[in-house]
Amino acid sequence: MYLLIPAAGLGKRMGSDRNKLLLNLLGKPLLAWTLLAAESSHQIRWIGIIGQSYDFPDFKEILGTISLTKPVVLIQGGDTRQESVYNGLQALPKEAKFVLIHDGARCLATPNLFDSCGEILLTCPGLIAAIPVKDTIKIVNNNNLIEATPNRSQLWAAQTPQGFEVKLLKDCHEKGRELEWEVTDDAALFEKCQLPVKIVAGEETNLKVTTPVDLAIAEFILRQRLGIN
Ligand SMILES: Nc1ccn([C@@H]2O[C@H](COP(=O)(O)OP(=O)(O)OP(=O)(O)O)[C@@H](O)[C@H]2O)c(=O)n1
Ligand SMILES: C[C@](O)(CO)[C@H](O)COP(=O)(O)O
């Protein structure tokens, strides 16, 4: 299984002065934790890190400290996550038939999650890890008034990994560029192309480290997981 890791963001919501994936979490950069989980996954055989070229020296330093056994390539990201993934797809080895796409910011995903997504992806054209929504969700209009309350039993919080047949996802990305679709996950492109996307059980601990409080939560989760008080 081929893995693309979008890692080319600016971390604006984190308020950091550099790529949030370079921030320290229990002694390692966030990106290192993501890479170590991918290294431990039996399904993953190749890793593409999609980043901004100015971060490549730091990425190479991280790779030097965690010495992965799997091939890793650095790919130039774009101005949006969508563009970054597009670039990543162009950089896949030509023999890649399936791909998992996993946010570098979701640094607590377990190897088991990569493995379950990789195994299930062999049975369907597209899938996402997701968890049921716990809060009641409201659709709110521009006047800050609630317009609707979707049935919570049908609402899931999308995570990554997201997995797809490479050819189909490439076609959906091309159509998205042609029709100027703007999406925040790759599954949305599949949906717009009327292609099926299966839900795979995600992990409550698979949070996307986005704001400073997420970093504190991630440290708590990791301490629990590693048995560090
Ligand atoms: N142009 C971009 C933007 C985001 N990402 C990646 O997509 C993942 C999810 O994005 P997000 O959490 O929004 O990261 P940022 O875009 O850095 O955050 P912000 O929106 O706060 O700037 C992250 O691993 C991020 O590095 C990317 O590869 N290329
Ligand atoms: C892909 C994703 O993690 C699914 O929840 C999310 O859409 C990424 O959003 P972001 O704004 O790029 O962090």
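Every residue gets a Cβ built from N, Cα and C, even glycine.
Taking the Cβ of R13 (site 'Transition state stabilizer') as reference, residues of its chain lying under 8 Å away and at least six apart in sequence are, in sequence order, T210, T211. TrEMBL lists R13 (among others) with the feature site 'Transition state stabilizer'.
According to DSSP, K20 (site 'Transition state stabilizer') is assigned to a helical segment. In the structure as shown, the Cβ atom of K20 (site 'Transition state stabilizer') sits within 10 Å of 26 other Cβ atoms. The annotation site 'Transition state stabilizer' is assigned in TrEMBL to K20 (among others).
According to TrEMBL, the feature site 'Positions MEP for the nucleophilic attack' maps to R152 (among others). For R152 (site 'Positions MEP for the nucleophilic attack'), the same-chain residues that are 6 or more apart in sequence and have a Cβ closer than 8 Å to its Cβ are V133, T136, I137.
In the three-state DSSP scheme, K208 (site 'Positions MEP for the nucleophilic attack') falls into the coil class. Residues or ranges marked as site 'Positions MEP for the nucleophilic attack' by TrEMBL: K208 (among others).
Between the CA atoms of K20 (site 'Transition state stabilizer') and K208 (site 'Positions MEP for the nucleophilic attack') there is a gap of 11 Å, rounded to the nearest whole number. Residue environment of K208 (site 'Positions MEP for the nucleophilic attack') contains 17 other Cβ atoms, counted within 10 Å of its Cβ in all protein chains. Checking the recorded sites R13, K20, R152, K208 against ligand 2, the ones whose Cβ sits under 6 Å from it are K208.
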